[in-house]
Amino acid sequence: MASEQPVEAAPTGGSLADRITKPDESNTSETPAPIGDQTDGAPAQLGGSDLHEPEYNVEVKLSDLQADPNNPLYSVKNFEDLGLDPRILKGLSSMNFRKPSKIQERALPLLLNNPPKNLVGQSQSGTGKTAAFVLNALSRVDLSTEQMQKTPQALILAPTRELARQILGVVQVMGQFVDGLIIGAAVPTDRDSRPKRLECSIVVGTPGTVGDMIKRRTFIPNKLKVLVLDEADNMLDQQGLGDQCIRVKALLPRDIQVVLFSATFPEHVHQYASKFAPNANEITLQHEELTVEGIKQLYLDCADGEDKYRTLVQLYGLLTVGSSIIFVQTRAAAQEIERRMTAEGHTVVSLTGERDPSVRDAIIDQFRRGEAKVLIATNVLARGIDVSTVSMVINYDIPELHQPNVPGRQADFQTYLHRIGRTGRFGRVGVSISFVSNREEWEMLNQIQTYFNCEIQRVDTKDWDEVEDIIKKTIKNSRANPKFAGGKD
């Protein structure tokens, strides 16, 4: 699927990045600063959240060890100082970006500098990372001829179809005034449809589909200049999509600029990232500042699996105060809970990986619009998805790592972090509730508390008035107390 934005003519003569070091002063945008907050993740037009700028420091490590990372050349305070095309500036203005966020101040000069350098960025959701790598992609593409407009030059990969669609929406909004820009999606399609040849300048997709399309020659990658991996820790983890990403990269030009962004980088993944993106500049939020703010973390004791379900039904009225996501471990559990709750007259929808892509699209769009307020999901939604109305996340099943040769059950800390990050997004207030029904789940919950040095408060299910009071007060409290610390990696 391709999207073309027919608007006024853009300058010709190669990519914008070729002109960054000597910007034409006549190209300075006169677009007035908009009123309102900056946005990241999904733009406001797609139901996304505002940018959240907590107090944090950005640490820069340059690949050139002789260079000074504090040099003013590696920081920028205004988008106009980057020599950006006025049409891109106009797109930024439409997204309510008045000035670069802290991460953008440091990332954009490094991304846009010539010759292009690889970048590895660790930055939590809501700090402007999506806009940063999209802006770089828009600036690198050459749209001077019709042939180049139909030639893939930038590739953005995401772990799921849902996140890829969200990023594609950001590209469309930011690039809406750029003449000749064509955007293509390389995501799983319904079983009865065949992928068409991609004739576009920027491609957003998932690694498996991109790899298949390159092999079938419906995606010709030989002119690609930029490769971006969002949620890169998951994309490069050998337990996840690592093999697919390696195969895709092997099919791309060797001199391609590689950009990796993620909220978390476990040590073993960070070591591999340095090989995937060699000689990269690195940008990191300082360790102690990696927090999820405004999330009240609670847990409920349940007698057994059936009591979990009855507890969930009891919570239904609270789940619909805003929008809520119920995370389960398996597709079968999602389907069974949806079946039972629907049969009892509750309105819920489920989203799992095996559903046809068109059905998944319809469900997530329905959830964004608020037509469905309770969504049951597997980890397909745990990363990156930005829906501004989500006020509660239920960990029906505590996320765990499957380690066949390791005794006992091990909590998956990073998935927990990403799951609860779906609520309380970018300064909003949210609630996370974990269900505990046996000793092993209790031990995993304790592992999470120890790892993140946080307290998860027990709520007594014998007094549902108290449960309701605690949750409603938290959701309505505009100054919820952040209690979630940064973790160990």
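Please read every residue number as a count from 1 along the shown chain.
Each Cβ is built from the backbone N, Cα and C atoms, and glycine gets one as well.
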Swiss-Prot annotation of motif 'Q motif' - which of the ranges 77-105, 396-424, 454-482 it falls on: 77-105
Motif 'DEAD box' per Swiss-Prot - which of 230-233, 294-297, 306-309: 230-233
For THR130 (ATP binding site), the number of other Cβ atoms found within 10 Å of its own Cβ: 29
Counts of helix, strand and coil residues, the motif 'DEAD box' (230-233), according to DSSP: 2 helix, 1 strand, 1 coil
Residue counts (helix, strand, coil, in that order) that DSSP gives for the motif 'Q motif' (77-105): 17 helix, 0 strand, 12 coil
